[in-house]
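What follows is a set of notes on a single structure, which appears directly below.
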């Protein structure tokens, strides 16, 4: 077998320099593995080689998480070596084929570690530009833990694609979201684990296995903003029982929030147009109601955690997330339904006050549904004071600004990503970026105009896509009507934004400047950037320094 000479790839501006002896040996070893996979040397003893290999791979994963890449490479090397020796004395043909796939997988990861972290020569003061070492905040690496630590926890609830988990030792609850690893590390997409982002859910720890990354997230118990608004607008149809968790949450939130007030109808507006009929809640047979209120179902890498419904069994068996937990559908009066005529009250807003009001649709019933208002289901009315919307908007803006500063784009920010804490402040669901996780966008967010027009296209995305999403969410909060309902044919370059006459001038101006079809023309981009957005007249009463502090 011929030895392979290796020469390091120079960094920009640096002259090529020969590899160290250790790096040369690494290249030789990788070449030897390729030859041994092709030829094979049956020299394995009768020990259980799978157990020995599993020990080495587990150590490799732990070292990989903690960024000790040299040790991780060595453990992968040892594990592959054990598998190569054992596969030739294993009489089970199916197991041999499975082991070959594992060898290829571990070899690929070893090569990625070598190419990304061991081969590149570093000058003094230089830092790698790929993989976990790209993290701007180095202390975040201490959050990485071995996946075995999750064995002491049990699943007590399921919230669509995330799980509510209880620590058996402390009794505390947290949310776990799993991200599938593609095992093909993107050298263009860096791993970025945001830290210290105000008004965003905290990442407490993360765990890595061979196939997944598990995010251990803070449990925000206030639920989603949209579900809270709907329950405030229609308390008799929110599915709450006396003494429920959601009732206690509302009792805690009410001193902080004065969200809903009667809306003044515009002159010439027919009261009958605002009449809605509310269907009695229907529960899913797979999960008990447990007195919980409806909540918006999250979809994403977004890594979110609204209030969960609690499983009565407490079993760690993970049930498949049901298609719908609790349905609260608002429909136009007289609209037909499979469930028969709607029962319940009809509600007409009345009274007076300088508030924002309108007829708001919820979200599409898959990932964006507010457990009630879906596309084509009619309208549910809420009225929210502009000052309150302004506060929520400012908190969301601060979170997005911090994410952008750390290099993270949300891409498909939608109502399921906006939570409320116990003090009534916005908490964005967790967003991050992983080189081993292929980014995915919520299709319903794109269809319902929460995602920018350029999302899903071939052009490179910028911060402008999140400013569109920000504008789409504000549009729904301020007008009470979703952007996709006002513009069912979508928004093109020539589309004129539909705004109600009673909307304040600063609010109308902000929405118009955010919801520009051309990304470079959106407020928050170009000269002034986010500073210009924060200085918009709509935010004139916001004291940004106190908000961040």
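Every residue, even glycine, has its Cβ placed from backbone N, Cα and C.
Quick look at what Swiss-Prot lists:
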type     : residues                                         : note
DOMAIN   : 87-115                                           : domain 'MIT'
DOMAIN   : 145-539                                          : domain 'Protein kinase'
BINDING  : 151, 152, 153, 154, 155, 156, 157, 158, 159, 177 : ATP binding site
REGION   : 260-325                                          : region 'Disordered'
ACT_SITE : 412                                              : active site, proton acceptor
The domain 'MIT' (87-115), counted residue by residue under DSSP: helix, strand, coil: 24 helix, 0 strand, 5 coil
Separation of alpha carbons, residue 412 (active site, proton acceptor) and residue 159 (ATP binding site) (Å): 19
Tertiary neighbours of residue 153 (ATP binding site) (same chain, Cβ under 8 Å, six or more apart): 165, 166, 167, 168, 176
Integer Å distance between the CA atoms belonging to residue 151 (ATP binding site) and residue 412 (active site, proton acceptor): 33
Distance in Å spanning the most remote Cα pair of 151, 152, 153, 154, 155, 156, 157, 158, 159, 177, given for ATP: 20
Other C-beta atoms that fall within 10 angstroms of the C-beta of residue 155 (ATP binding site): 19
For residue 151 (ATP binding site): intrachain residues, at least 6 apart, with Cβ closer than 8 Å: none
DSSP three-state assignment (helix, strand or coil) for residue 151 (ATP binding site): helix
Protein Cβ atoms within 10 Å of residue 157 (ATP binding site), excluding its own: 23
Recorded positions (159, 412), the one with most neighbouring Cβ atoms at 10 Å: 412
